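Per Swiss-Prot, the features are as follows:
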type: ACT_SITE; residues: Asp75; note: active site, proton acceptor
type: SITE; residues: Phe18; note: site 'Important for substrate specificity'
type: SITE; residues: Gln76; note: site 'Important for substrate specificity'
type: SITE; residues: Glu160; note: site 'Important for substrate specificity'
Amino acid sequence: MNSTAKLPKIILASTSPFRKALLQKLRLPFITENPAIDETPYPHESVVDMVNRLSLAKAHAVAEKHPNAIIIASDQSATYQGQAVGKPHTYPNAVQQLNQFSGETIHFNTGLVVFDNRTQKTYQTLDVTKVTFRTLSETDIHNYLILEEPYQCAGSFKSEGLGITLFSKIEGKDPNALIGLPLIDLTSFLKQCDIQLPFL
């Protein structure tokens, strides 16, 4: 393909500015749409199962309105010692989270679904990224929270911003997955949908 006229409509099923910015790296024309699904976890559902289910549900919700489009959807959840990590919402809760994570490792599970509504084919994967925090002082934590205010972010940090200063190590296949969209796997899936990348 060498013309946008030949490209199918590509829709990112997300309102996240971070996912939008990541997808823009691929230099493909796309639009965004809010999947507007219920993201409540099921009773006794594992984090991995939830992430996979929600990624698929987001894709299908948007696909219903766009019969010939390619839908990209993602969901992410972090775990610490096997338990889901929530959003702190307040400064005291964020301090508590970061104190708990000091010197420890948390896992980010990022689900990705590409649904080709032309063929009804689904491409799905789960990326796991391990983030190890350095030993954090009270000053480290206070200064970071005042500067970045990550109170709506699971784990009380923004890895795409100043949060990177809190880490000693990141282990994973794709650094973009930690921010919310695994671009390496996404590129592979789009190629299977006959989208040439790099696209000119």
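Backbone N, Cα and C define each Cβ position, glycine as well.
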Could you check what DSSP calls Glu160 (site 'Important for substrate specificity') once collapsed to helix, strand or coil?
coil
Out of Asp75, Glu160, which of these recorded positions shows the lowest number of other CB atoms within 10 Å of its CB?
Glu160
Phe18 (site 'Important for substrate specificity'): secondary structure state under DSSP, collapsed to three categories
helix
Between Phe18, Gln76, which of the recorded sites has the fewest other CB atoms within 10 angstroms in the structure shown?
Phe18
Of Phe18, Asp75, Gln76, which recorded positions are close to Glu160 (site 'Important for substrate specificity'), meaning a Cα within 10 Å of its Cα?
Phe18
Could you give the Cα-Cα distance between Phe18 (site 'Important for substrate specificity') and Asp75 (active site, proton acceptor), in whole Å?
12
